[in-house]
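Contents: one structure, followed by commentary.
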């Protein structure tokens, strides 16, 4: 089976490498061609356009920042939609909006292709270890065909049905939970700091009670002030918070915590923190 990976950022690069290591023929595309060089050295082929990348593949994975980025590589004369063969599969591993997921599913169906939403849970280090968790939704035939590939990239797969938007809504909700935890952890750290307790010691207490890798990992980043290099940028945290608010509005749900986190992210970005890890939320509350 031939695979193409489009988007070689912090997540796309290790995902592409794991595709190679799993023994698949790999074609890669990235807007900045320099990012393809190491993978080409390791055995991948580089394509000049998304269309050419898709033309050489049975399955195309996109791992990009947002709706606009995925739209750019999918639609248009040089988009993957024009290159992918009938019955080909587009797997979007990006965090995209519910509405855009529906648009992609419809566009591929019109071409006789399959669209599979497969957003991931995990940071770049998890991607490098093929230890991501993946939420999938889409046609059963596509999920069955893609399962061996997704198994080679992950430690666990959650199948949430045949409508792609369900997987994207689930990922958006998970990210909202993470934002809520970052908000609560930041506020707790700052309060205890005023009572003279070091953040590392408070984290030890919290970790003993909750036993959550989220608290442990992000709490350590906060306590040690190691916000660079960013595993997930604050600007992307704001993007995902806005996605959560939009998804909630669509079904008349209220997310007051998301509104609060949004204001803090916006404040941080105004202060120049947009490229820091989103755990730098703690710097936005001080």
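Cβ coordinates are placed from backbone N, Cα and C, and glycine is handled just like the others.
Here is what Swiss-Prot records for this protein:
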type     : residues      : note
BINDING  : 4-18, 95, 239 : NAD(+) binding site
ACT_SITE : 171           : active site
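Structure coloured by features recorded in Swiss-Prot.
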{"residue": "4", "record": "NAD(+) binding site", "contacts (Cβ under 8 Å, 6+ apart)": "26, 27, 28, 29, 47, 53, 54, 56, 57, 59, 60, 61, 80"}
{"residue": "7", "record": "NAD(+) binding site", "contacts (Cβ under 8 Å, 6+ apart)": "29, 30, 62, 63, 64, 69, 73, 94"}
{"residue": "10", "record": "NAD(+) binding site", "contacts (Cβ under 8 Å, 6+ apart)": "124, 231"}
{"residue": "13", "record": "NAD(+) binding site", "contacts (Cβ under 8 Å, 6+ apart)": "35, 38, 39"}
{"residue": "16", "record": "NAD(+) binding site", "contacts (Cβ under 8 Å, 6+ apart)": "5, 8, 26, 28, 39, 44"}
{"residue": "95", "record": "NAD(+) binding site", "contacts (Cβ under 8 Å, 6+ apart)": "66, 119, 168, 171, 172, 175, 239, 240, 243"}
Using all protein chains in view, find how many other C-beta atoms are within 10 Å of the C-beta of residue 171 (active site).
26
